[in-house]
Every structure is written in C-alpha cells, then in structure tokens.
C-alpha cells in the first residue's frame, strides 16, 4: 500500500521493506567482477542488445513517455499538479487520494474527462516498446501510467503490468459492481458523476485506477517477484521514481543487469552509481522519444519501426473516427440510469420549469468589466437540469469584484445567467454574460 507520493516515506509497509531488503541482499551476492559494458553510453547499450547476449528486457515507464502525446506529466513545471489550483485541493496529490475522492469526487472526474483513453495517440516511445515485443525481447512492461496507451500501441496485455491501474474499467464504490470503460465515459463526457445502475444503489463508479491509499493490483506483486530475476536489461523511461513501491523495482534486478535510464533529469534517488567503472548504469538526459529514436537508429530498426507506426496509426485513426461518431450519437442520446427508485427523484408531472442545481461549495465572484460581467468559479461546477422551480442552491457566497454595480444589478445579472443557462449542463470555470 502506498499512502503518499514520497518514495522514502516511512509509511511503506513492513512487507514491502522486507522484500526490498531481500532483493537487494540477493543482488549484492552476485556483484560482477568486471565491467558489464565497454562504456556507459547509448551506443554501448545498443551494441549490447545487438550482441545477442541481451535476451530479456524489462521496461519501467512513467508519465514522461506520454507527454509528447499531449498528456502532462505530474511534477514538471507545467505538469498536472501545477494546474490544479482551480480545484482548491488541500495538496495537489489529493486529486488521486482515495480519502479525498470518497468525500469529493467532482475534481477528479472534471480532470478525468481530459485524460480519458481515446483522446490521445501512442508516442514513439510506446511503439519502441512494441518493437521490443515484435523482436521477442520484451519480458515485461511495468507502467505507472493510467492512460492505457500501451494497449493502444498494440503491446500485449499479458506483457504489460498497469501498476496503477487504468481507465479500461470501473467499479461501484458501494456495491462493487463492475462496469466497462464506455459506461463510465458516458457520464464523464456529459459532465456527470458516474453512478451505479443497480437498484437501490447510488454508489459512485470509480475507474479502476489505483489512488494513494489503495493497494496495487495483485498482478504487480506476482510479476515483480518473478520477472526481474530473468532480466538482462532494465529500461527505465520517463519517471522520477518518487512513488513507492514502483520506485523500488529498479533494485530488484541482479547486479549483472544493465540499467538504462531515459529521462529529462537524473532522479534524486540512491539506487544508481553513475560513476562506477562497471558501466552498469547508463543514462540519457532528454525526452523519451529522442532517446528511443537514437536507440532505434543505432539498432538499425528505423525502417521497420516507421512502417509499424504508419500501419498501426492508420488503423487507430479509423477506429477513433468510428468511435467518435458512435460516442457523439450516444452522447446526444445519453440518459443516466433509471433514478425512479431514489427517494429524491423528481416528479415527472411536476412544474416543467428547469431547476439549476449548483453542486459545489465554491465561491462565485461577480466582476464588472468594460466588456461584460463575468461569473468566475474557483472549482468546477456542475449545473444539472431537473424538473422543478428555477433556483440556484449550494452557493457559499457572492463577492463583488471591481466596478460600481449595485446589489440589484448583480441580482439582475444572476437572473440573466439563470435564463441563459436554463436547461444546460456546464462544467466550465467562467461564464461570460454580454451586456
């Protein structure tokens, strides 16, 4: 279990610590007596792969392999955690904290809409790993990512360990009923919380990704206990190695195993010896795509990999086009599960006017500018159409911004807003009302 993204937090379990200590002692007993490579460069690693001595490659992947797909990493200057101020979280990682999610799932699902599989294409790095599979060199690909781009690149699920889960399925937090990806996406794409369809269950359906405070999948332990003993090359890409227990996997390999890291910077962890004359640890500082392109050229795989990418992307584009049309149609016709069994279900024969229920505890600020009045909200608001009298509820307060708008004028603008968004669902942060 991991409670916080600090790799060296004392919250690591005793079992994790014992296993790490055992693996390190086992590896220490087989320390090499001579250099593993003639030098510690990318070319030397390529030569090692071409020599035939490198038969089994284990890959460790982090967010850096997906940044060129348009998915932000987590801890970079423009990373995911730096973009979360609008959600007013107690700390950035709370958006993936199971305790916080159970209390307030809205921020996560607001973010999830932009991260959902199908919105992004695999990167060159993903296809490089696919090429390792085609060459029968890939022992296993352990990924921290939840974007499922390994699947989209055609990497065999049996050769993949999604250490932190993925969006490929979801589970009701209350009754445990499982749901496919499309069910969850139907809600998320319509700015609604995914809810269980079971009778008398109002549980939130959470994508099967691992939050801080949850156990990793059993498959992670199963493969971690077996794959690393047979590893000839450990390829670490796009990860800062700050999240345990994933971060400790790089210590599970034998001391005779070469380790290559492709990353923008050297992780500040004590697991590597970059100055050792054994040339066991090799680093390439740059993007994962750049490193993989250079390695591909050194291996003489360029034409073969480019052809694989071209053919696979053509297939993906066709599938995405068909799926987009299907999702657009289903989105237009989307209805949430039957809610008649709920005590608070609206009466279909009641007043036909739309009620706008604001499900948020945030502060609305009304600013008067020369171009119009802006209603700004610090966290995501979900406006849902319900059958009843028009009203706006659950608003903490209304603050006056710059300008000389009288109180009656503010109320008038809010009335205008109600009329303009009547019958709509809105999850944007800012709504402009023209004068």
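Counting begins at 1 with the first residue displayed.
Glycine too: its Cβ is placed from the backbone N, Cα and C atoms.
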> Of 284-319, 320-355, which span is tagged region 'Disordered' by TrEMBL?
Replying inline: 320-355
> If H, G and I count as helix, E and B as strand, and all else as coil, what does DSSP give for residue 172 (Zn(2+) binding site)?
Replying inline: strand
> For the recorded Zn(2+) site formed by 172, 175, 196, 201, which further same-chain residues have Cβ atoms within 8 Å of the site's Cβ center?
Replying inline: 173, 174, 176, 177, 197, 198, 202, 203, 205
> From the Cα of residue 164 (active site, proton acceptor) across to the Cα of residue 196 (Zn(2+) binding site), what is the distance in angstrom?
Replying inline: 23
> Among all the protein chains here, how many other CB atoms are within 10 A of the CB of residue 175 (Zn(2+) binding site)?
Replying inline: 12
> Where does residue 201 (Zn(2+) binding site) sit in DSSP terms: helix, strand, or coil?
Replying inline: coil
> Of all the binding-site residues given, 172, 196, 201, which has the fewest Cβ neighbours within 10 Å once its own Cβ is left out?
Replying inline: 201
